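Participant: Pasting in a structure now, in structure tokens, and then I'll have a few things to ask.
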Amino acid sequence: MSLRHHPPAQQPGGARGRPGHQQPSSAVPEPPKQGAYNIILVNDVLADHPARWYPEVRAVCAVLRSVGDLCQPPSSMQWRPHYDVLDWLALFFGFQRDNVRNQREHLVLHLSNQHMCLSDALEVLDPAVLRSFRKKLLKNYADWCSYLGRTSSIWISETRESVNDLRREILYVSLWLLIWGESANLRFMPECICYIFHHMADELNKILEGCLDPDTARPVLPASYGGEYAFLDNIVRPIYQTIRKEVESSKNGTAPHRSWRNYDDINEYFWTERCLERLGWPIKLGSNFFVHERIGNKVGKTGFIEQRSFWNLFHSFNRLWIMLILFLQAAIIIAWERKKSPWEALENRDVQARVLTIFITWSGLQFLQSLLSLGMQHTLITRETKLLGMRMVMKVAVSGVWMVIFGALYGRIWSQKAADGQWSGAASHRKVIFLEAALVFVLPELLGLVLFVVPWIQNFLEESNWKVIQSLAWWSQGRTFVGRGIREGLVDNLKYTLFWLVVLITKFSFSYFLQIKPMIEPTRQLLHLRDVDYWWHQLFSDSNRFAVGLLWAPVVLIYLMDMQIWYSIYSSFVGALVGLLDHLGEIRDIRQLRLRFQFFVMAVHFNLMAEEKPLNMRRSRFHDFVDRLKLRYGLGRPYKKLEPKQAETQKFALLWNEIIKNFREEDILSDHEVELLELLELDPSWEVRVIRWPCFLLGNELQIALSQAKFLVDAPDRWLWYKISKHEYRRCAVIEAYDSIKCLMHQIIRVQTEEHSIVTSLFNMIDRSIDIEKFTKSFKITALPKIHEKLTKLMEQVISPKKDLNKVVNALQALYEAVIRDFLKEDRNSERLKDDGLMPQDSSLRAGLLFQECVVIPDQKDEKFYRQARRLHIILSCQSSMHDVLKSLEAKQRIAFFSNSLFMNMPRSPQVEKMKSFSVLTPYYKEDVLYSEDQINKKNEDGISILYYLKTIYPEEWKNFKQRMRREGMADDSELETTKSRDVRLWVSYRGQTLARTVRGMMYYYRALKMLAFLDSASETDIQRGMEMGPLSQNGSPSLEDVNEANDSNSSLFKGHEDRIASMKFTYVVACQLYGAQKVDKDAAERAKANDILNLLKSYEALRVAYVDEVSRGSGEKEYYSVLVKYDRKLEKEVEIYRVRLPGPLKLGEGKPENQNHAMIFTRGDAVQTIDMNQDNYYEEALKMRNLLEEYDNYYGIRKPTILGVREHIFTGSVSSLAWFMSAQETSFVTLGQRVLANPLKIRMHYGHPDVFDRFWFMSRGGISKASRVINISEDIFAGFNCTLRGGNVTHHEYIQVGKGRDVGLNQISMFEAKVASGNGEQVLSRDVYRLGHRLDFFRMLSLFYTTVGFFFNTMMVILTVYGFLWGRLYLALSGVESTALSSNENGSLDNKALGTILNQQFLIQLGLFTALPMIIENSLEMGFLQAIWDFLSMQLQLSSVFYTFSMGTRAHFFGRTVLHGGAKYRETGRGFVVEHKSFAENYRLYARSHFIKGIELGLILTVYAAYSPIAKSTFTYLAMTISSWFLIVSWIMGPFVFNPSGFDWLKTVNDFENFMNWIWFHGRLFATAEQSWETWWYEEQAHLRTTGLWGKVLEIILDLRFFFFQYAIVYRLKIADGSTSILVYLLSWIYVFLAFGTYKIISYARDKYSAKEHIYYRLVQFLIITLGIITIILLSEFTKFEFSDIFTSLLAFVPTGWGLILIAQVFRPFLQRVMLWDSVVSMARLYDMMLGVIVMAPVAVLSWAPGFQSMQTRILFNEAFTRGLRISQIVQGKKPKQKVKEPNKKVKE
């Protein structure tokens, strides 16, 4: 297959002739111009395109052109001889010309690639290829027909094959692809496409069968017949307009989800027979499906109603909550007996009876679940869905009946016992009756357990479409098209079941003994507490129960969430075990690679070199396992015997050098490091007899060999050589050094001179003595060190850039004398030396210096010679083991991972021609493509530019870059600002998160495939020629801009077919949605981005850009097109390939998935990899892509994969401490976390990673993401949900990685966390989560919950635990219960082990347990335990716990607010470099509501508690009880300033305060932004209250009422209250509130009326109010118990009340705006925010004023950079250093 032939010439005429020259009509597909093609030119059948040299391409084209006896289209349509079956379909069904061209190439490429995989070069398409493709592509359609009970429109026999079947196969496949390619937004609705295809395939069948229309008696014509755009106008546009109108009614996603139909609702309409009966075909535009107004006959929501409520968590995961609640109830009942063990308590028959109450609770919870289903989903009930309504009502009724039955039976048990006075036989019998009823109740659960044990039966029953089975299953769960047959196999079941059983046993044991049982005694004491001295008016009697509830609240909250802790612990250890079994971390550094490098060579050959056996003769997985075992541990084959001329060695050398070259192009290696790593070619002029291992392997091996020789001075030759040869590298170093010295001497000493003869004679003598094993007899071994020293000095002179020939001669002379005098063992006189040829015969030469006239040093341009000479010098001079040969941490990590990965289990790679093809898709909006000169040189307020920052952060890489520029011709550094300015821009951009970096990384796939294709077919001569083009060839490596396929430095190496096969196997599409608009944008910055994109197209020939073009057609109408462009190198311009019209604007839902969807039609291949804009790729990883794609053929469990999960390498961890924390958190999530989710839990989803999708599987099932507005804001994970629900399989593979950048500043990180948390809040509402929660088995459901929405819910529960604990303690302290309890029990009933346990758990979570433990375990696995512990301790010293606690607050706030009120939105984080100081006003805007106010609230609670609690009088007890809460408060308030550059700089703090006050009091223009005006920001912060529902507002008010508690509790403690507990004290205290508000209104009125013109009146009003205030205080002091301290105490009471009133006023904003009170609310809110800002800034100001804190904070923030010797303080302060940056291993003293 590697030798392709040009296709035979075809003659024009006939069915395969050239197109005619006449102009076709507008409705007829026009033959395209030859230049406008994408990958292969298939539209011009006679074009001489290289891809047509492949017989597989010719075979597929022949099938497409086999029109044969197909009926001709109507006469109005002009048929052309060159038309094929796709043109035929287009003429009948009205498809667009470019859609046909696009899908023609799509189909030809795929079938050709599939044909290549199956057989050798054949000119006839194998029918099995087409049949298997049709089955896969139309599998979802077949399932849809079966689900609806309809006959498929695919009229092909599955049991026999015929000639006509092949044509039908191609017609059906082509029809589906054409429908899909033009469906635009309908592609998100796969069953809608099934509906369209079903009818159009039926019309196709009628046309093929020659059926007549009964109305016209003419041949049947399709419903979409009528011209090029008929299908778009008649079929797609009506449905599209329906979607568009629904989206418009959503008010940009702010309307409740229940009030409008999203993509899922419309798609699920096609799950019902209504779509066939009501819509019909042709589509009835009058159907109520197309009605969007809220009228009676509108088709409403379908399948599911998204209701915004926290009850969704119970509704979706009711089985989890039932388990937790039932155990809690049973545990309390058992623990109440105060026995030592639960088994002792259960011996009591009363306890046994009480435990039966769990069945009452169980039935009650099921009743609640059925009520929630009815309440949330009742609007689904229509005349067509009566059965659904009946099922809902029956569920409520049955669960209610069970609740009554259990209640009655339970009552009868106790009544019988009470009547008998003991547990009589009758009472026991009634207990048995209760148990019999319970058995009936749990029968469905027992049946589910049986089916869980035999999952294949469960899958069969769920997937069955038999009416009998459907009727039986109707009660348990409603029938849906998705979520059927998704159970895993028995082995997988056992694995994740065992995991969760261990977690549950641990959790419940811990909860019983350390949470519940210790609470029983305090609860008993508190319930029996009498004569409580309440310090306020007691509203309810016997309120001890309320106190008990408050005492239990934090315990219950932590009990409900702490399964998350146990999951984190066990998943960490299981993940480590799985990683160990996968052989992760076996090679961690260069030292370990050095030890295994010989095996590594064979590992490269084993994994990356293609198997040459036919596919049907491949070895079994067992044989592969055995081979890998031998390879990993050096068993079997003698790997140490590799020879330099061996093909395996040469291929490895070529590949290894290419990897090193790419490292050099990225500037993470210097030229010297390249020479240490490269494996030199076999040079005929340097005859070296051994493999020339990289220098870093040889290290000081020559020195060791010399030491051994010196030690074994008297040993015979054979023994000495045996000792040296025991180490392969040492043997090679000795032989290579000797051979190289010999070659060097012969090259630098002129031939036909006496000196040359002397050197030749000497080496002949040495060779002869070695051959006869008398070397030690002939030469003095002890002289070798001296000879070595002389040789080293000679090499220094030879390789010196400034050569002095005299010094070279002197060095040669000294070497000669050392050999003659010291090395020869036998003393020889002059005559003897002359006879032996070791002395010149010419007496004149003997009189002077030898070598004076015969030394010839090659020219400096002779790169080959100097590469060899430098290598020899390294071998001679190196005196260390070279374990730290690399300075770049990035290079170390990548080489270590790559080398380790080749010892992991991965499929063997096929030849490139036989590999699966794939695409990469990257959505792009408006992010940076390439940093401009202004961007990289613009200085911030501290005087720091991006360029200067990066030069300081990456000093070695900047040095390497300049070195490379000099090698490419740069004479002076000043050229970096002129001729090399673009290279500088690229260097900076490749260290940011830019599109240029992403494109460069992804195009490594193309380079890798070309190299692998070359190696697949290369001869020894080809490989030798490639070896001569080493990493640093004579011409130098290409610049960063030229790292592309056209300018590849190996382009002269390839034979031509590599480009063709690489382009057929790989496609890269960047979806630049606005590219068309950017090209003509008025903004120069946008035009510059378009120009940068064009430059990327120029640089990478295989790159394609898809964009949406908006074309105005006059009269306000616009047309929209999906356009694909490339850069044509022949025409030297951008050319348009395809232009497919859209039915309307692209963006109806979320932007990113819509952008992906429109570009999806231009992707190719079996798989598509989703790559975001912040990702990168590496050449060495790209080499393993064909191995990864082979995973699609392997079973993982009972299914083959549909998503291949890929590991990520976070490359932004070295910028700052924050970046390190984020990198560590993300790394543990994308490695260990994903590893466990895939195996053993089988619940891995898609989380925006660089996962690889089975392209055709997802094409036919809704695409690679979901796009409904707001609900799918986290669009990526819904691809995983959809995959799981539709029976897909998601795996995770860690032998390949893709780079990924993360946010590096606190504000960026917080916005990212907010986006993710809000997305999870929306997921709680979604139908996908609900269906997974109910359709998955119990243990996979647990895995789903605790790894998706449960993580965020439990984070919020931790915060609620803190609130519950502190508010409970405050209530107990201020009410007097705590004081009474302490006085009645000296041990303290309120201070117990359970509270200590929950406080410890909560504190551990705050410290980052969720992240820290997985991070430590993963780092231990991959870097070693000691390094992991050191990293963890370092992170703690850099206040990582503050960061994790702060992030926890962000997640809890936005998750809770989204679930309660909505308001989720895309938050643009920005991916730039964060070195500038963030102002206080900006931090306040971001964190006031989520952190600052909550922190102040908790701080106020702790302050009041410290003032009034008797427990707080003991400082130690108070601190022990509240330290975790104080830590949380400090983290929330101080976090933004600790991690803010110059956060404690005094001058910046002063300026920040001034800017903050200006922002607070800004009264500027109407359209002021939130950054300018406090009022605008304040309105934006409460925007969610405008869109929330009634229950959201009610719950918001209830939560706000907590602020009134301060007033109620504290006013009774004022001296003026005189100890009274009357309710009047509280009511009269409101007078103070009204007086304060009235005073403020008076002052405001006076200010507005008099302050401008009559200022004296304003001052008079102020004077009167102050006077009245003083008089009032005097009177109160005189006639009441009022004391001056009451003023300050009352502030604690009334300030929170004012804040609570403001929050409630925001809810009632519409009403207050009508009654003219709103302006006062705004004014009061402004004062409160100003006061809160001052409170937050006070500690910042104190720390800024104190000396030393600024430098300490800088050290904390940039510690990672400090350890690398960077002058961070100068970066932050804007002071550029006068001297060069020091070496990384030298510490910089600040």
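Placed from the backbone N, Cα and C atoms, the Cβ positions cover glycine too.
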Participant: With TrEMBL as the source, identify the stretch among 592-611, 1092-1111, 1412-1431, 1492-1511 annotated transmembrane segment.
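Facilitator: Within the set 592-611, 1092-1111, 1412-1431, 1492-1511, TrEMBL attaches transmembrane segment to 1492-1511.
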Participant: Pick from 171-193, 1344-1366: which stretch is listed in TrEMBL under transmembrane segment?
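Facilitator: Transmembrane segment, as annotated by TrEMBL, spans 1344-1366.
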Participant: Given pairs 6 or more apart, does the transmembrane segment (317-335) have at least three Cβ pairs under 8 Å with the transmembrane segment (497-514)?
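Facilitator: Touching, yes - the transmembrane segment (317-335) and the transmembrane segment (497-514) meet the threshold of 3 or more Cβ pairs under 8 Å.
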Participant: Cβ under 8 Å, sequence separation of at least 6 from the ends of the transmembrane segment (544-561): give me the contacting residues as numbers and ranges.
Facilitator: 324, 328, 511, 515-516, 519, 522-523, 526-527, 529, 532, 1353-1354, 1357-1358, 1360-1361, 1364-1365, 1367-1368, 1371-1372, 1375, 1377, 1390, 1394-1395, 1398, 1401-1402
Participant: Find the member of 392-411, 432-457, 1344-1366, 1656-1676, 1728-1746 that has more C-beta pairs under 8 Å to the transmembrane segment (355-372) than any other listed stretch.
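Facilitator: So the stretch in question is 392-411.
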Participant: Of the stretches 392-411, 432-457, 1518-1539, 1656-1676, which racks up the most C-beta pairs under 8 Å with the transmembrane segment (1728-1746)?
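Facilitator: Maximum Cβ contact count belongs to 1518-1539.
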Participant: Which sequence positions outside the transmembrane segment (392-411), separated from its termini by at least 6 residues, show Cβ-Cβ distances below 8 Å to it?
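Facilitator: Long-range Cβ neighbours of the transmembrane segment (392-411): 353, 356-357, 359-360, 363-364, 366-367, 369-371, 373-374, 377-378, 381, 430, 433-434, 437-438, 441, 475.
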